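Q: Pasting in a structure now, in structure tokens, and then I'll have a few things to ask.
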Amino acid sequence: MTDNIPLQPVRQKKRMDSRPRAGCGEWLRCCGGGEPRPRTVWLGHPEKRDQRYPRNVINNQKYNLFTFLPGVLFNQFKYFFNLYFLLLACSQFVPEMRLGALYTYWVPLGFVLAVTIIREAVEEIRCYMRDKEVNSQVYSRLTARGTVKVKSSSIQVGDLIIVEKNQRVPADMIFLRTSEKNGSCFLRTDQLDGETDWKLRLPVACTQRLPTAADLLQIRSHVYAEEPNIDIHNFVGTFTREDSDPPVSESLSIENALWAGTVSASGTVVGVVLYTGRELRSVMNTSNPRSKIGLFDLEVNCLTKILFAALVVVSLVMVALQHFAGRWYLQIIRFLLLFSNIIPISLRVNLDMGKIVYSWVIRRDSKIPGTVVRSSTIPEQLGRISYLLTDKTGTLTQNEMVFKRLHLGTVAYGLDSMDEVQSHIFSIYTQQPQDPPAQKGSAPTTKVRRTMSSRVHEAVKAIALCHNVTPVYESNGVTDQAEAEKQYEDSCRVYQASSPDEVALVQWTDSVGLALVGRDQSSMQLRTPGDQILNFTILQLFPFTYESKRMGIIVRDESTGEITFYMKGADVVMAGVVQYNDWLEEECGNMAREGLRVLVVAKKSLAEEQYQDFEARYVQAKLSVHDRSLKVATVIESLEMEMELLCLTGVEDQLQADVRPTLETLRNAGIKVWMLTGDKLETATCTAKNAHLVTRNQDIHIFRLVTNRGEAHLELNAFRRKHDCALVISGDSLEVCLKYYEYEFMELACQCPAVVCCRCAPTQKAQIVRLLQERTGRLTCAVGDGGNDVSMIQESDCGVGVEGKEGKQASLAADFSITQFRHLGRLLMVHGRNSYKRSAALSQFVIHRSLCISAMQAVLGLDLMGCCGDSLGSDTRLSFPPCFTSLPSPSIKDSSSSGTQPSIPCFPCFLWFWTKTLSRKWPCCTPSSTKTCSRDGHCLTRRS
């Protein structure tokens with residue numbers, strides 16, 4: 001294989017499946033919605049609308065009252081196995097074809113259909129109750145008559161809705177007002193994008209300045225919004241107030257948007273509704289629910305066709321032995337009915353009963369408590385998984401950031417030495433300003449200790465100031481909220497930020513003695529160990545962006561008047577900003593190998609004249625019309641030179657219990673693990689290393705950001721040269737690659753031992769699952785815990801939801817629900833393998849039993865040549881299975897598999913071995929490699 005192979009563009013081919021796909025056009029064209037269009041929404045006047053908008057109703061049901069029975073019956077009889085028995089039972093209404101009593105055919109078929117209909121009805125009722133609970137939530141709406149209580153389903157486009165703290169946003173809205181003093185609010189978006197970071201949102205400046213919320217109805221204003229789309233990270237709109245002179249217009253962006261499904265984390269907010277119902281961003285990013293049919297059931301359906309062909313051959317042979325005498329065509333039909341036991345309807349009954357038993361065993365397993373089986377039709381799928389696609393936040397991790405390391409170059413402080421940092425901070429703020437001269441030169445160790453104290457103090461001070469964290473004070477039942485904020489009460493203080501890393505850093509500075517106690521848009525207050533309040537004025541703030549990979553802040557110390565520029569960021573960008581040193585690169589690599597998220601902290605002192613010159617150039621760059629972002633970045637970069645390196649910080653996102661051994665066991669069983677997350681690239685890479693998703697001896701290829709076909713071509717050729725390396729790619733680059741080189745990218749990605757996709761939208765997760773199914777033909781399992789994982793879970797062959805801090809939305813939409821990620825190993829390795837093996841043995845036994853009955857029927861038919869009636873009699877054929885062969889069926893369902901259950905996790909190749917062995921008997925998904933198991937339980941792979 002050459003290095004530069006010309007890549008062929010993707011040919012768009014017509015899809016052969018009939019499953020609905022989530023998309024803006026599909027959602028809006030249904031029910032006469034038409035194509036999506038931009039809109040003008042008047043504040044508080046829903047009657048002034050230029051088009052029809054859908055109702056604000058959430059509906060996750062597969063059927064309605066009229067389509068339930070036809071839909072369930074169609075899904076059952078579209079398979080040959082069930083259609084065959086329906087035609088067989090209907091043929092008994094014809095007198096010339098009747099071989100026995102009608103109940104002998106209709107009772108088994110009715111039992112199977114009744115079980116299926118009841119199961120689907122229960123699931124639909126549960127889904128209806130969940131939707132009803134969401135649609136019935138009550139909100140406050142501002143009207144000319146005052147505040148009115150309305151249900152979520154009654155909210156219309158143009159309504160002014162009040163959302164209280166910790167309340168779910170009912171529709172996509174524009175943020176108009178807040179009760180917070182700092183004029184902003186935080187949102188929890190974990191159910192939308194999977195990130196537990198709180199997002200900062202800003203209201204429209206024109207409406208925030210109004211005296212009261214009721215004044216929103218007194219002004220003449222409207223919002224021009226773009227057409228509905230699935231992009232949850234961007235928004236384009238304009239706010240216009242027409243009754244002012246001159247009219248005021250403000251541009252709107254994602255910072256002013258409140259998407260449905262998010263939760264207000266601070267204060268009360270007021271917003272105007274823009275999108276409702278099927279036009280919501282969260283709804284567009286959710287695929288339609290579908291009925292999942294297990295691969296085992298499809299194989300049984302295929303085997304039924306083979307048995308039917310054998311049935312036709314046997315019938316023709318029997319008629320041929322009679323020399324096609326008389327009405328031979330009628331005899332063929334009667335022989336087809338006579339030997340119909342070759343395809344046993346008891347197979348379906350036994351398999352359905354077996355699935356119920358398997359589900360009961362899973363729920364009763366004491367080693368995986370809290371496991372719920374929500375789809376009892378596909379337990380065999382668990383034992384045949386080839387690709388496991390997992391979320392990161394809340395699934396592999398605990399959503400808890402812990403400060404682990406402070407590195408100053410010559411000395412490092414870990415968790416066991418934080419008391420030394422605390423003592424250094426205490427000595428700086430408690431020592432007397434006037435030291436005796438003799439003490440100053442009494443011993444060299446004192447000078448070294450004082451120098452180290454100063455370095456530690458500068459590092460901690462920089463960490464306590466360089467961030468975007470806001471302390472919020474809440475009432476604890478004893479202290480009033482206003483009093484707590486006034487006195488900076490520690491027990492009532494909660495830190496809010498858009499990044500959990502920053503919260504962990506500020507909490508650490510609080511623990512060592514320098515606490516952030518107050519902040520607004522222009523000032524910040526720190527409290528020292530001696531209860532002294534340090535006041536700082538925020539002159540400029542440069543927030544973190546994905547492109548810059550750093551953030552900065554310029555503050556003025558009110559006590560000294562000193563102006564300092566602090567900055568922190570990733571080592572790859574900070575290495576060219578700080579002064580020369582010989583330890584930064586080495587120590588960053590050491591901390592990254594430990595799975596820590598590393599930040600480099602630096603500072604630069606500015607003179608008053610230097611800052612005034614920078615401010616003038618910065619304001620001028622912000623007023624530019626053309627290339628504004630480039631000019632602003634150039635001005636900021638003029639300060640980012642020769643900065644003093646202060647320290648390195650290491651923060652760890654705590655993994656859930658036993659994540660590493662679980663992933664190792666799954667890999668040894670031949671299952672490839674892909675991590676799909678909406679988090680940043682650096683965070684995803686660190687978590688993959690920490691969880692040992694990427695082993696220590698594996699290289700990592702970070703797919704650079706590509707924006708067009710040519711860049712994607714070059715990067716794919718560069719990736720093709722790599723061998724046995726993990727792939728890390730962002731959602732934007734993934735979208736470009738799948739647009740132009742879908743086949744080539746999936747071929748290369750499937751060869752990787754592990755793949756990490758960061759900044760993935762919910763629809764991209766579902767798309768990756770679908771492409772894996774189409775390109776490889778293997779079974780996929782998706783694991784997640786947030787609302788952004790629902791599409792991926794529903795698209796996969798087997799969806800598993802984890803009940804975590806992000807709620808139960810993923811758990812309720814999944815086929816199986818677990819409480820911890822480590823339970824997934826036993827669910828797949830033990831229960832999945834046993835269910836698959838038992839179902840295969842049970843189906844073989846039932847078919848063998850039916851063949852014995854048909855063989856006896858054929859022998860008697862040959863003995864009574866010329867008589868094509870029921871040789872055994874209907875009573876004999878009915879009594880033989882239950883009376884003589886019924887006991888082995890439950891014994892097979894409940895029998896323990898070969899190899900004790902404790903040995904399966906130790907020797908995970910048992911799972912791969914039985915999958916391969918049974919695949920020979922059920923030809924599908926034939927593995928492309930050979931594996932053996934060593935004595936220590938590890939897999940040895942040998943490519944064929």
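Yeah, the Cβs are placed from backbone N, Cα and C, and that goes for glycine too.
Pulled the feature table from TrEMBL, pasting it below:
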ACT_SITE  D391  active site, 4-aspartylphosphate intermediate
BINDING   D391, K392, T393, E502, F544, K568, R597, T677, G678, D679, R759, K765, N788, D789  ATP binding site
BINDING   D391, T393, D785, D789  Mg(2+) binding site
DOMAIN    46-106  domain 'P-type ATPase N-terminal'
DOMAIN    812-888  domain 'P-type ATPase C-terminal'
TRANSMEM  101-122  transmembrane segment
TRANSMEM  298-321  transmembrane segment
Q: For D789 (Mg(2+) binding site), which of the listed recorded positions (D391, T393, F544, R597, R759) have their CA atom within 10 A of its CA?
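A: Candidates kept after distance check: D391.
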Q: Taking the Cα of D785 (Mg(2+) binding site) as the centre, which of the binding-site residues listed as F544, R597, G678, R759 lie within 10 Å of it?
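A: Near D785 (Mg(2+) binding site), where near means Cα within 10 Å, there are no binding-site residues at all.
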Q: Report the member of T393, N788 (the binding-site residues) whose C-beta atom has the most other C-beta atoms within 10 angstroms.
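A: That would be N788, with the most Cβ atoms nearby.
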Q: Measuring Cα to Cα, how many Å separate N788 (ATP binding site) from the residue listed as 'active site, 4-aspartylphosphate intermediate'?
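A: Here the two Cα atoms lie 9 Å apart.
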Q: Restricting the comparison to the binding-site residues F544, R597, G678, R759, which residue's C-alpha is spatially nearest the C-alpha of D391 (active site, 4-aspartylphosphate intermediate)?
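A: Closest candidate to D391 (active site, 4-aspartylphosphate intermediate), judged by Cα separation, is G678.
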Q: What average pLDDT is reported by the model for the domain 'P-type ATPase N-terminal' (46-106)?
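A: Taking every residue in the domain 'P-type ATPase N-terminal' (46-106) and averaging pLDDT yields 82.
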Q: Could you put numbers on the helix, strand and coil content of the domain 'P-type ATPase N-terminal' (46-106), residue by residue per DSSP?
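A: Once the DSSP states are binned, the domain 'P-type ATPase N-terminal' (46-106) shows 29 helix, 0 strand, 32 coil.
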Q: Quick check on the binding-site residues: of R597, R759, whose CB has the lowest count of neighbouring CB atoms inside 10 Å?
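A: Ranked by other Cβ atoms within 10 Å, the binding-site residues R597, R759 bottom out at R759.
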Q: Name, in the order they occur in the sequence, the residues of the same chain whose CB lies under 8 A from the CB of F544 (ATP binding site) and which sit 6 or more residues away.
A: N468, S499, R550, M551, G569
Q: Within 10 Å of its Cβ, which one of these recorded positions (D391, D789) has the largest number of other Cβ atoms?
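A: Its Cβ has the most other Cβ atoms within 10 Å: D789.
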Q: For the binding-site residues listed here, G678, D785, which shows the highest count of neighbouring CB atoms within 10 A?
A: D785
